[in-house]
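Before any comments, here is the structure.
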Amino acid sequence: MDIPPLAGKIAVLSLGALPLSFALNYVSLLSYPLGVVLMSTLILGLLSLAIYSLSRSDIYYDPLYAVFAVFAFTSVVDLLIALQEDGYMAGFMAFYTKEGEPYLRTAHGVFICYWDGIVHYLLYLAMTGAIRKRKSYRNFGLYWLGSFIMSILVFLPGNILGKYSSEIRPTFFLTIPFLLVPCWAGLRVFNQTQVPTCCTPNMVEEDQRKGLLQRPVDLALIIYLIFAAFFTLFRGLVVLDCPMDACFVYIYQYEPYLRDPVTYPKVQMLVNMFYVLPFYGLAIYALIFPGCSWLPDWALVFAGAIGQAQFSHMGASMHLRTPFTYRVPEDAWASFFVCNLLYALGPHLLAFRCLWRPAFFLRPPPGPPAHHEKQH
């Protein structure tokens, strides 16, 4: 997979968020929620016009260029929010977290800002760079799509259901486009032409003739997915207040963060149980039976989703913004870290396996039956 060059023009434009946010922090109008909404809308509008005037040909070639460029700017803003909330800088985005989105001051909010400001930002630069060079960015787009959707699926319900539900401000409605854009972007990314593989029909036929015992990597992935599926189901039952002793011990001695009234961890575990768990079952099927051409794409989507989810969950579980009673106990830190790190790493290994040797997942080539098969 070729790594596209980063878009320098978009990087320079996005870094304009630093002086702009510093200046806006001292505008008296922004001490009111409605002022924050109006100013945010104005800035996004002017930013969109600037991107259109600077990169008109790229937007005509692929409208997602404008989307990624705007999101790159907001990613820098999110990184500033995270750094300020952790005390690494001051005087930038205090007005926004106070009057705009106070739930970004939670541990979960801080870590989704870190993820957006680092991982998403690099993906935006890579994808806009690929568009400028007229190269494919499909794999990057699928990973971003899964990560972005997972962030929204957990963050928005958590804001409504958690203890910050009474502090929802008018800026919350600015997130409505964030519900619509992934749907449109996802359709465009999935409809892009797949990069041709170097697999010949003979390679496809040879790989698909191998039994599971002849594919030790796939066997190891299946074993991992089985354990990950049970872990997903177990944590879902834990947040649903399952009365089993194992659930009681786990939530009090290993992951007390699941009881945090901010509700983000509970929503995360339920999203995992209802969406990630079925995918694990389908992935096991696709690793056993050849020709499941849908797995490479969806493995990238779920790798992005679980990567974002685990980064936010693990970070918030140990962050100082989380009350001490809900943080991971010191004696359980090692087991918590290993289990959650493996849970995040496995889907990325699955996606890498699908990109590395895709022949097993390709549709069997048309033609006469192989010579070893009995002719009728």
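Numbering starts at 1 and runs along the chain as displayed.
Glycine too: its Cβ is placed from the backbone N, Cα and C atoms.
Bear in mind that TrEMBL entries carry predicted annotations, made automatically and left uncurated.
Record features (TrEMBL):
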type	residues	note
TRANSMEM	33-52	transmembrane segment
DOMAIN	61-186	domain 'EXPERA'
TRANSMEM	64-83	transmembrane segment
TRANSMEM	103-125	transmembrane segment
TRANSMEM	137-156	transmembrane segment
TRANSMEM	168-187	transmembrane segment
DOMAIN	217-351	domain 'EXPERA'
TRANSMEM	219-240	transmembrane segment
TRANSMEM	269-288	transmembrane segment
TRANSMEM	300-320	transmembrane segment
TRANSMEM	332-356	transmembrane segment
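For the transmembrane segment (300-320), the partner stretch with the most Cβ pairs below 8 Å, chosen from 33-52, 103-125, 137-156, 219-240, 269-288, is 137-156. Tertiary neighbourhood of the transmembrane segment (168-187): same-chain residues 33-34, 36-37, 40-41, 64, 67, 96, 99-102, 141, 145, 148-149, 152, 156, 159-160, selected by CB-CB distance under 8 Å and a gap of 6+ residues from either end. The stretches the transmembrane segment (219-240) and the transmembrane segment (269-288) meet in space: the count of Cβ pairs below 8 angstroms, excluding pairs fewer than 6 apart in sequence, reaches at least three. For the transmembrane segment (269-288), the residues of the chain that approach it from at least six positions outside its boundaries are 150, 153-154, 212, 218, 221-222, 225-226, 228-229, 232-233, 235-236, 238-240, 258, 294-295, 298-299, 302, 305-306, 309, 350, 361, judged by C-beta separation under 8 angstroms. For the transmembrane segment (103-125), the list of distant contacts is 6-7, 10-11, 14, 68-69, 71-72, 74-76, 78-82, 85-86, 96-97, 140, 143-144, 147-148, 151, 154-155, 158-159, 162, 164, 167, 262, 264-265, 307-308, 311-313, 315-316, 319-322: same-chain residues at least six beyond its ends, Cβ to Cβ under 8 Å. Within the chain, the transmembrane segment (33-52) has long-range Cβ neighbours (under 8 A, six or more residues past its boundaries) at 13, 20, 24, 27, 59, 66, 69-70, 73, 95-96, 99-100, 169-171, 173-174. Long-range Cβ contacts of the transmembrane segment (137-156) within its own chain (Cβ-Cβ under 8 Å, at least 6 residues beyond either end) map to 1, 4, 64, 108-109, 112, 115-116, 119-120, 123-124, 126-127, 130-131, 175, 178-179, 182, 185-186, 189-190, 192-195, 264, 267-268, 271, 275, 297, 300-309, 312, 351, 355. Confidence across the domain 'EXPERA' (61-186), taken as the mean pLDDT and rounded to a whole number, stands at 88.
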